[in-house]
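Colleague: The structure is given below, and queries will be raised subsequently.
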Amino acid sequence: MSESSPTYTLVSSYRVFGGWLRKVKHASSTTSTDMTFSVFLPPAARLTEVPVLYYLSGLTCTDDNFCQKAASAFAAASKRGVAVVVPDTSPRGHESIEGEDDSYDFGTGAGFYVDATQQPWAKNYNMYSYVTSELPKFVNDAFPATSKTLKSITGHSMGGHGALTIALREGPEAYTSVSAFAPICNPTQVPWGKKAFEGYLGSVEAGAEHDATLLMKKANKMVFPTILIDQGAADNFLVGEVNQLTPAAFVDACKAAGQPLRYREHDGFDHSYFFISSYVEDHVNFHADALYDKLASAGKVAPAPPAPSAPATSVDIESIPEEFRATQGKQIECKAAVAWGPKKPLVTETITVDPPKAGEVRVKVVANALCHTDIYTLEGHDPEGLFPCVLGHEAGSIVESVGPGVTSVKPGDHVVPCYTPQCSRPECIFCISPKTNLCPTIRGTQGSGMMPDGTSRLSCKGKPLYHFMGCSTFSEYAVIAEISVAKINKAMPLEKASLFGCGVATGLGAAWNTVKVEAGQSVAVFGLGAVGLSVVQACKISGASMIIGVDLNPDKFKLAAKFGCTHFVNPADHDKPVQQVIAGELTKWGCDATFDCTGNVNVMRSALECAHRGWGQSCVIGVAAAGKEIATRPFQLVTGRRWCGTAFGGWKSRAQVPVLIERSLKGEIPVDDYVTHVFDGVDKTNDAVDALHSGNCLRAVVRY
């Protein structure tokens, strides 16, 4: 615990499914006594903030019942990156409260998740406020990795009643999702509820605000996207002498209110923890999906990965756009610009594109923007370049078909292929860390020109073709891993969307994510191609006061001024190193931030050496040729300059490319000026390559 952490006693701590299960005792002001709870922290909590699922137990239980008898919940929570908090069911051990331990359904172990108003219970039995207010704050303070804003709730029996009523009262702003096992659905109408409400609140009528069925009738509208309830069909409290649970009343109330409800009855299951342990993983996955989807909608992470037990994808043929129906599950023959070897012109060929396998997506490429990385590989400078291959990685596409298990996109969706994947799985320390976007999940196979299973989906003249950067978009159709496609707004023209697949996104992110340029700072950008100008654009949006553009082609300066450059330097105009011109003539000590967008190792050195003494940052964006090394005098770093690099601008692709697209649609990131050349047809790809070499081309877009 840090000095600012709340005081508590750690009762026990166990290593469980890669995470930690801790039992905690703390002094509660809400219940005026010591309270205990258990908290499971998944492995992801070591690196990033994780959402929280609260589980409320039933009559007579403590937190131990769930932790010891339904531990499979922690296996699912570990995989999905969700913390689980399990409070006790009541305060305990008050000798001054007569009759506290006289019955199983009132008093100790039966707080019913209300705030008592009647004596002698009012001082201590305030479980509603404890669960909704004091406990979450304590958990957040004691365990900072738990999210303050992302939490869901579930429970069993009395705890199911508590979960439903708390969620319905507090709303989706407080709880992202809600589920229950065998909940007491209409407590004002059953003995358990009547006894609790009369004893704690003074009357059954006072319990109306703690009755899930009545709350749903009062809301009379959809409150949550869906509610999940599991019920054992052989539950003795459902089919016994007295129906204490009355789920039918809640089902009817939800139907009348238009509230989606997944109510499942399971033959042969009773009210015990055997029932809970059989379906608790479903509930954890239900909440993990909702919690991570909420994060995704905020542009912070990719949509939640599917539950490990997710079945193969089943696509309704009627939901597939008509143009794609005939090709589902079949090979497609289409045109592609094939690179048969380095330093050879691309050849327009008819290739075969196989159907997507598990976890893969086949896309129709509508527009492809050429990037210098494609040309760099074509010219033999890439040490990982493999031939024959289909190049291309900056495209706007439409999903044609999906392989088994794909859930985040469907046929007809518009997507941007991303060479930097984002698996978003909690066990991926790179995806869950806010420090990087370098997900390595498919790095090995992608680097070897293959799909994740180690085989190719592309062939020509009977020979397999290598994939390129996991994309291969110099083709009318391509197969890409699901974790490498970012679903975007269909309002964005795909020729513009393609720019966010690499160059423009990279430059923006270098300034915003890697260096974090601030208002009033000075920057120098070396190389005023598309990437360099996107750095300039980002720095202008950030409020940089001096933006120096450096390039050997003075014809670029006019457009660079439009993007935001305030000063220009052509190194050929000076008889001294350009870094001395910038740090000495244009500035006294150098620039707060500098960027190399050329891939030239000598320019990288110049960029570093004109970074500000003491705090200047220099970011390497350009990719150097095979075997090249960077150099500088160590004193440049000793005196406070920092050298860093960026890949895809640090963007977490599936989560953040859609956000960039939305900002562009709003006019915050205009991109029209980047597209200087447009060609139609795969057979014009060599013309686009020539345009990119001409010196007056930012991006050449080929439309298919």
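The first residue you see is number 1, and the count goes up from there.
From the backbone N, Cα and C atoms, a Cβ is placed for every residue, glycine too.
Keep in mind the model is a prediction, meaning the values are calculated, not measured.
Found this in TrEMBL, in case it helps:
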- SER157: active site, charge relay system (ACT_SITE)
- ASP235: active site, charge relay system (ACT_SITE)
- HIS271: active site, charge relay system (ACT_SITE)
- 358-488: domain 'Alcohol dehydrogenase-like N-terminal' (DOMAIN)
- 530-655: domain 'Alcohol dehydrogenase-like C-terminal' (DOMAIN)
Colleague: With DSSP as the yardstick, break the domain 'Alcohol dehydrogenase-like C-terminal' (530-655) down into helix, strand and coil residue counts.
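Modeller: Per DSSP, the residues of the domain 'Alcohol dehydrogenase-like C-terminal' (530-655) fall into 51 helix, 24 strand, 51 coil.
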Colleague: Taking DSSP states H, G and I as helix and E and B as strand, how many residues of the domain 'Alcohol dehydrogenase-like N-terminal' (358-488) are helix, strand and coil?
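Modeller: Per DSSP, the residues of the domain 'Alcohol dehydrogenase-like N-terminal' (358-488) fall into 19 helix, 39 strand, 73 coil.
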Colleague: Near the Cβ of ASP235 (active site, charge relay system), how many other Cβ atoms are there if near means within 10 Å?
Modeller: 23
Colleague: Around the Cβ of HIS271 (active site, charge relay system), how many other Cβ atoms lie within 10 Å? Please give the count over every shown protein chain.
Modeller: 22
Colleague: Measure from the CA atom of HIS271 (active site, charge relay system) to the CA atom of ASP235 (active site, charge relay system) and give the result in Å, rounded to a whole number.
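Modeller: It is 5 Å, counting Cα to Cα.
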Colleague: Tally every other Cβ atom lying within 10 Å of the Cβ atom of SER157 (active site, charge relay system).
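Modeller: Summing over all protein chains shown, SER157 (active site, charge relay system) has 25 other Cβ atoms within 10 Å.
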Colleague: Calculate the distance in Å between the alpha carbons (Cα) of HIS271 (active site, charge relay system) and SER157 (active site, charge relay system), and round it to a whole number.
Modeller: 8
Colleague: For the domain 'Alcohol dehydrogenase-like C-terminal' (530-655), what's the mean pLDDT in this predicted model?
Modeller: 96
